[in-house]
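Colleague: Features from Swiss-Prot:
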BINDING   51, 73, 168  Zn(2+) 1 binding site
BINDING   104, 107, 110, 118  Zn(2+) 2 binding site
């Protein structure tokens, strides 16, 4: 069920766009941010990527949205102020904020730099902070974040592209690394030709993998996938003949699709001992046939976003290997149209909001 809250007044005035109910429509929203603490950085938001999770949460597809809801967890900003005990950043630094802004810092996951799996992690948007107030995301002019949950953006990286990649870098690479699908010569399928999918394909090629893109997109997208992403082959998932021919040829599959779809045909593409890794947040329960898994010792697993250490490593890795997202930059007042287009997969490959230049305060 959806929930609404009475807005708590913090010291810092802020402005952004928010959904007020499960219609998912966003509109201008005046709110407030907490004051800067000793280990906090305050940042001016420059860019923010639009993720499919933003769309799901705006519409309460997961049943736990809190309104007003300010989306945005692919945030790029410039540090405007630092707390008295901040050590990693200074005013003027370019930084990123991803999917979460707090964790317990004492559980085994946190100790192992896997804060993303901490049972007490706090999401960047639509969650409850330690003080009980709602967290608001990056579709806004400013944020206040503990320095531990901020990543550094190296000089020379295009900041608009980083607005998508602050999440995608860790999210796209983590499943390849954790499931051992980053070894040269392996054949890996990538399901979905969207924001995450195209980055998975790009990272995979840096490891010397053979890549098959699997998509509902028409065959005309084949040349695009091969030319732009370096894919070795392309399958239209709605074509039974195409899905039948390469059965049991893939060492692994990374499924990035958030829309409801069957994974049964994907399991059939896996070799014995193959791994299907889900990173798209599908709303409905999956059909999971046991016999193909048992007889082929196949694995179905999943991953969340990368931890902070891994995400920073991938941010630093990307410019050295020319890995960068392909984006469409849009103004803030285009966000509802962008959401509609995203729902129809009508974007190549990720929307990024130019917050700094297009977010206009209301009186």
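Using N, Cα and C of the backbone, Cβ positions are placed for all residues, glycine too.
What you are looking at is a predicted structure, and each value in this text was computed from that prediction instead of being measured.
Give me the local environment of each listed feature.
Modeller: In this structure, residue 51 (Zn(2+) 1 binding site) belongs to neither helix nor strand by DSSP; it is coil.
According to DSSP, residue 118 (Zn(2+) 2 binding site) sits in a coil region rather than a helix or strand.
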Colleague: Quick one: Cα separation, residue 73 (Zn(2+) 1 binding site) versus residue 118 (Zn(2+) 2 binding site), in Å?
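Modeller: Answer for this pair: 17 Å between alpha carbons.
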Colleague: With Cβ-Cβ distance below 8 Å and at least 6 positions apart along the chain, what are the contacts of residue 107 (Zn(2+) 2 binding site)? List them in sequence order.
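Modeller: Non-local contacts for residue 107 (Zn(2+) 2 binding site): 118, 119, 120.
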Colleague: Given the recorded Zn(2+) 2 site (104, 107, 110, 118), which additional residues of the same chain have their Cβ within 8 Å of the Cβ centre, ordered by sequence?
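Modeller: Along the chain, the qualifying residues are 103, 105, 106, 108, 109, 111, 115, 119, 120, 121.
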Colleague: Which of the three DSSP-derived classes (helix, strand, coil) applies to residue 110 (Zn(2+) 2 binding site)?
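Modeller: Residue 110 (Zn(2+) 2 binding site) sits in a helix per DSSP.
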Colleague: What Cα-Cα separation, expressed in whole Å, is found between residue 51 (Zn(2+) 1 binding site) and residue 110 (Zn(2+) 2 binding site)?
Modeller: 25
Colleague: Long-range same-chain neighbours of residue 110 (Zn(2+) 2 binding site), Cβ under 8 Å, sequence gap at least 6?
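Modeller: Same-chain residues close to residue 110 (Zn(2+) 2 binding site) (Cβ under 8 Å, separated by 6 or more) are 103, 104, 118.
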Colleague: Among the binding-site residues listed here, 51, 104, 118, whose Cβ has the fewest other Cβ atoms inside 10 Å?
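Modeller: Fewest other Cβ atoms within 10 Å, among the binding-site residues 51, 104, 118, is found for 104.
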